[in-house]
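Single-structure report; data block below.
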Amino acid sequence: MTEINTVLAELKRGVDEILSEADLIEKLKENRPLRVKLGADPTAPDIHLGHTVVLNKLRQFQQFGHEVIFLIGDFTGMVGDPSGKNTTRPPLSRDDVLRNAETYKQQIYKILDPQKTRIVFNSSWLGELGTEGMIRLTSNYTVARMLERDDFKKRFSNNQPIAIHEFIYPLLQGYDSVALDADIELGGTDQKFNLLVGRELQKSAGQKPQVAITLPLLVGLDGEKKMSKSLGNYIGVAESPTEMFGKVMSISDELMWDWYDLLSFRPLTEIAQLKQEVENGRNPRDIKVLLAKELIARFHSEADAEAAEQEFINRFQKGAMPEDMPELTFEGEMGLANLLKEAGLVASTSEANRMVQQGGVKIDGEKVEDAKLVIKASTAVYQVGKRKFARVTVK
């Protein structure tokens, strides 16, 4: 039991909820490789740091000798997961889904051991359900139970449309667990309802219900919303070391500690020590550098991490980037010149255009050459001349 308690303590690190912990302990006592499932719909071409929170936990199960299944939702991706959405997500074409799935397959191996990872596509069984099978599946849940889900409840109360296929989505994801006879399923906190549907469907199928483990959602570069490619507040795991370093350094000091909790492999005692050092006067930028280097070393190499730090020093610190630079947020895409004016970095749009022509404007350290550049959803550090800086989020 002591060994199980040790493993359990490691598995609980960074976890939001285990449903149920007693079930997990019973499964661990069986002393066999457990089937641990993580599903992802390839709705965008790249995996970002937000995805790695659950992937890191999957990797941990892998290290403890369990059977890891990474499920690519090539079927459910064409339906569209309504979790956390206040509008219907437009379904993707099969070509889009398969194209994105290829990059997922490549990028997960930056985190998971390819020799110990089983990749499956849920079209293998969902595509074979047919009309009769779909009717049997949907008979397991009522509309009333579906409306217990927060996002559906809010949309129904606000008279916002809910498409029938959105009700079906949790059942399809739950059926994945039946098809795989999963022991454990991982997901973000926004997936809790779907994971619990899987437990119910497994009971109906005569299987032991899976343990549902939810993990917190990583807040993106803007410091407000969950990391998402559509919001532009993300860092992709395939981005260059230089891009990664600059983006990590752009996050707020408060957000940095959340990222340490969810992304760092450092012992909790070491993270607590770093917090104490900051409270005692150490510059938070030093601690942010450590996080940036840890992530770059993980997804690239230690040599890349060192080189990215040096390039950052050459670009920014030698340009005396202020520690207390203003942070601003604007709604809707806008032209670069207007953004610089609204951010207080120039007096007028004509001055902004002139500074761009003279090579005096940089975004995340990269010189801008197009004065007519349109800035879409993103978070970046804008520099005008050698002394004017602002961290700007465009939503």
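A Cβ is built for glycine as well, from the same backbone N, Cα and C atoms used for every other residue.
Pulled from Swiss-Prot, these are the features on record:
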type	residues	note
MOTIF	42-51	motif ''HIGH' region'
MOTIF	226-230	motif ''KMSKS' region'
BINDING	Lys229	ATP binding site
DOMAIN	334-394	domain 'S4 RNA-binding'
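Cβ atoms under 8 Å from those of the motif ''HIGH' region' (42-51) belong to residues 72-74, 77, 80-81, 89, 92, 97-101, 103-104, 107-108, 217-218, 220, 226-230, 234-238, 259, 263, 295 of the same chain, restricted to positions at least 6 beyond its ends.
Long-range neighbours of the motif ''KMSKS' region' (226-230) within the same chain, counting only residues 6 or more positions beyond its ends whose Cβ lies under 8 Å from a Cβ of the stretch, are 44, 46, 48-50, 84, 188, 190, 217-220, 236, 377. The DSSP breakdown of the domain 'S4 RNA-binding' (334-394) into helical (H, G, I), extended (E, B) and coil residues amounts to 16 helix, 23 strand, 22 coil. When Cβ atoms from all protein chains are considered, those within 10 Å of Lys229 (ATP binding site) total 17, not counting its own. Model confidence over the motif ''KMSKS' region' (226-230) is summarised by a mean pLDDT of 84.
Applying DSSP to the motif ''KMSKS' region' (226-230) sorts its residues as follows: 0 helix, 1 strand, 4 coil.
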